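Visitor: The region 'Disordered' annotation in TrEMBL covers 1-20. Marked as domain 'Reticulon' by TrEMBL: 33-222. For 47-78, 162-183, the entry in TrEMBL reads transmembrane segment.
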Amino acid sequence: MADPMTQSAQISSSQGLADGQNSVAAKDSKMSVKDLVHWRDPKKSGVVFGLSLLTLLSLAAFSVISVISYLLLALLCVTITFRIYKSVVQAVQKSNDGHPFKALMEKDVSIPPETFHKHVDVSLTYINRFLKQMSKLFLVEDLIDSLKLAVVMWLLTYVGAVFNGITVLILADILLFAVPPFYEKNKTQIDRYMEIARTQVNTTMAKLQEKLPGAVKRTKAE
């Protein structure tokens, strides 16, 4: 007969191993946005990219109301068809398996108040930071930064004349899933060219700043 303490140790060790495996499985099942855009799992990334691109292309061709209505209608057609199919199968086989979506219906889909408040607080932090930065730019706390914003806005006027909002989102979606893997494959060369470009920009900005009046120059003390 085994010692009770030995049995307890074995049970604790097996539970710890099971918990470790469950935690690893949970981590593997959860993919961050970074993993998706880097194509860590090609199947999941392909599905997300395809659905997002299809949705944006649909919005480019139809109104938002039409796209949402068609998506919900397609989902209802799938669930209703599957529900009827399972009911017919159960009637023919004279089984009592119950509702086919019972497991999903029993899941708690409500958002906990703590989670909601947490995300609201995080969003509020970013919003306040953005508003503070915008006030600095538009009130010209630093002339160089405000000029940079003016140049970006001026360039965006040309972008807006060529593309509409949906087209820009489609291009952004394609670039979001195309640029990260390309960067990973050519990281060394891209970093070298980026460093050269950054040096040139900093040199140009330093020369421009030297030509500005002393009252608007950026000082390290500030």
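Even glycines carry a Cβ here, placed using N, Cα and C.
Curation does not apply to TrEMBL; its annotations are automatic.
Tell me what's around each of these sites.
Guide: Same-chain neighbours of the transmembrane segment (47-78): 36, 166-167, 169-170, 173-174, 177, counting only residues six or more beyond its ends whose CB sits under 8 Å from a CB of the stretch.
Proximity of distant same-chain residues to the transmembrane segment (162-183), defined by a Cβ-Cβ separation under 8 Å and at least 6 residues beyond the stretch ends, is recorded for 36-39, 45, 49, 52-53, 56-57, 59-60, 190.
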